[in-house]
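Chemist: Feature list, courtesy of TrEMBL:
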- Cys114: active site, proton donor (ACT_SITE)
- Pro31, Met32, Val33, Gln85, His184, Ala238, Arg239: FMN binding site (BINDING)
- 29-297: domain 'DUS-like FMN-binding' (DOMAIN)
Amino acid sequence: MIGDIVETKQCQLKDHMDLFHSGQVVKICAPMVRYSKLAFRTLVRKYGCDLCYTPMIVAADFVRSAKARDSEFTTNKGDRPLIVQFAAKEAQILCDAARIVCPFADGIDLNCGCPQRWAMAEGYGACLINKPELVRDMVRHVRNQIDNPRFSVSIKIRIHEDLKRTVDLCQKAEATGVSWITVHGRSVEERHQPVHYDAIKIIKQSLSIPIVANGDIKTLKDAENVHHLTGADGVMVARGLLANPAMFAGYEETPLKCIQDWVDIALEHGTPFTCFHHHLMYMMERITSKQEKKVFNILSSTSAVLDYLNNYYGV
């Protein structure tokens, strides 16, 4: 709901690009469908997350429909730095979407990595890694039409079987002025196979802009290991943060304080029950027994969940 956001002046913010030159690995919450919304972003920011992405938004729908804008993009003045991720295949539509979010976010990211069939069939997501000229065109258009020099334009990709093609894509994007590139170290066909961290390292060595490593990072130790293996400037985490939103603060499993914080934040934001409950299922995965999961996972109202947490965990 963009209309009721308090607009934050860019000059009051530390430039988010400075994060990549701080000497520390940048800790990033990935764009996750249904999950990386405002309430969850608020939670992970409390526990050491430096930069958050929105879930992927289809740019054409966002530009065309006020209803899509209201349901897909909600933020507030504490929700920074923030990157809005778009699925797009036309340069001008991506520009129009970027222009709408520009006052309320720090940058946009073009999704060139989503391997889902529907996205590829529509010409979005990972099929764009085979269209470097189109990616270059989209980045260039946004660069030329957004007059705030601190507004970042990044891309998130998967790798090709032939890594030379990936390096070529990244170098073309870099030459067009892309701010950084997030590399999920798997090909489009790979789902649960090991991540090719060696490929991310080669990409990092071939470019001079920041590179963010993504894939199978589940603990702070994993994040540090991936940083050392690849030389990446940042790490992006999805499922690891769902299971433990306090991961970046060094917790091995979700602390009760984090569960309490989620309850408070979710209620304050009016988070729909299904989303509220699903997040708790993920967070409590490692700290509940099989029997407890059976009971907890079939609860069907906010009051039932609150009673359960109070009775079993004193939350």
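Backbone N, Cα and C atoms are what each Cβ position is placed from, and that goes for glycine too.
In TrEMBL, annotation is done automatically, which means it is predicted and not curated.
Where in this structure would I find these features, and how exposed are they?
Modeler: Sequence-distant contacts (6 or more apart, same chain, Cβ under 8 Å) of Cys114 (active site, proton donor) comprise Met56, Ala87, Met120, Tyr124, Gly125, Ala126.
Under a cutoff of 8 A between CB atoms, and with a sequence separation of 6+ in the same chain, the neighbours of Gln85 (FMN binding site) are Pro31, Tyr53, Thr54, Pro55, Met56, Ile57, Ile108, Asp109, Leu110, Asn111, Lys156.
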Chemist: Looking only at the domain 'DUS-like FMN-binding' (29-297), what is the model's average confidence as pLDDT?
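Modeler: Averaging the confidence scores along the domain 'DUS-like FMN-binding' (29-297) gives 97.
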Chemist: Return the residues near Ala238 (FMN binding site) by Cβ distance under 8 Å, restricted to its own chain and a separation of at least 6 in sequence.
Modeler: Ala30, Met32, Asn214
Chemist: Sequence gap of 6 or more, Cβ distance under 8 Å: name the residues on the same chain that satisfy this around Arg239 (FMN binding site), in order along the sequence.
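Modeler: The answer is Lys218.
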Chemist: Rounded to a whole number, what is the top Cα to Cα distance in Å among the residues the record ties to FMN, namely Pro31, Met32, Val33, Gln85, His184, Ala238, Arg239?
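Modeler: Greatest Cα-Cα span of the listed binding residues: 18 Å.
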Chemist: Can you tell me how many other Cβ atoms are located within 10 Å of the Cβ belonging to Pro31 (FMN binding site)?
Modeler: 25
